[in-house]
Amino acid sequence: MEYGFKTLAAGVVFIVVLLLQRAPVLVRATDPDPLQDFCVADLGSEVTVNGHACKPASAAGDEFLFSNKIATGGDVNANPNGSNVTELDVAEWPGVNTLGVSMNRVDFAPGGTNPPHVHPRATEVGVVLRGELLVGIIGSLDSGNRLYSKVVRAGETFVIPRGLMHFQFNVGKTEATMIVSFNSQNPGIVFVPLTLFGSNPPIPTPVLVKALRVDAGVVELLKSKFTGGY
């Protein structure tokens, strides 16, 4: 019995010593805090990481800290939704790489909508700059799919938790504009209508017939509306 205990104790000591020997390697492999002031995205790099590799500091310049891309909006009549999204994520603003932030500007024609969609990787905070927008947020099944909605006017704000479906609709008689911020450099977006009826390759019609409880003709009609994308 004493021999067995000594053998077990020796084995435990060996494992602890082995882990201590490897610990410095593990510590050097990662760090939860920034190790440099900036990591400007090198969008042309072939290095594959969760995000983008950094440009050398000597090649970054100064302009990566500033952007005027959302100073003006796009054409609100460029698509059937009557809205235009000007994105300012890491692809448009490489300076936000690794910082966990990005922004969008959305302009609306009267009656225009930013259709039901989800941001899978970010919470959203928005402010209405002009006009009146009906902002709707649909809770998960846990909340009974409750719709939370309010008309948000110029100067007022709203917040949308990560992953919840939401929309904005211009209820005013003039154009409207909002600015939204995300806690991700690449929040992603899943437009519900486009996802269901414009996926590539298409979702099989029988699946949508069963899920939506409509005839196949209705599904095919809706698919025809989204064959060209957003």
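Every residue, even glycine, has its Cβ placed from backbone N, Cα and C.
Lifted from TrEMBL, the feature list:
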type	residues	note
SIGNAL	1-29	signal peptide
DISULFID	C39-C54	disulfide bond
DOMAIN	76-220	domain 'Cupin type-1'
BINDING	N104, N114, H119, E124	oxalate binding site
BINDING	H117, H119, E124, H166	Mn(2+) binding site
- Those same-chain residues, other than N104, N114, H119, E124, found with Cβ within 8 Å of the centroid of the oxalate-site Cβ atoms are V85, V106, H117, G126, I160, H166, V180, F182, P187, I189
- Task: Over all pairs in N104, N114, H119, E124, the listed oxalate binding residues, work out the largest Cα-Cα distance in Å.
- Result: 14
- Message: Near N114 (oxalate binding site) in space, meaning Cα within 10 angstroms, which of the recorded positions do we find among C39, C54, H166?
- Response: H166
- Task: Quick one: of C39, C54, N104, H119, which recorded positions lie within 10 angstroms of H166 (Mn(2+) binding site), measuring between C-alpha atoms? Sequence order, please.
- Result: H119
- Here are some binding-site residues: H117, H119. Which one has the most Cβ atoms within 10 Å of its Cβ? H119
- Query: DSSP helix, strand and coil counts for the domain 'Cupin type-1' (76-220)?
  - Reply: 25 helix, 59 strand, 61 coil
- Query: Using an 8 Å cut-off from the Cβ centroid of H117, H119, E124, H166, can you name the remaining same-chain residues around the Mn(2+) site, in sequence order?
  - Reply: V118, I160, L164, M165, P187, I189
- Note on the structure: Around the Cβ of C54 (disulfide bond), other Cβ atoms within 10 Å, all chains included, total 20
- If you measure H117 (Mn(2+) binding site) to E124 (oxalate binding site) at Cα, how many Å is it? 12
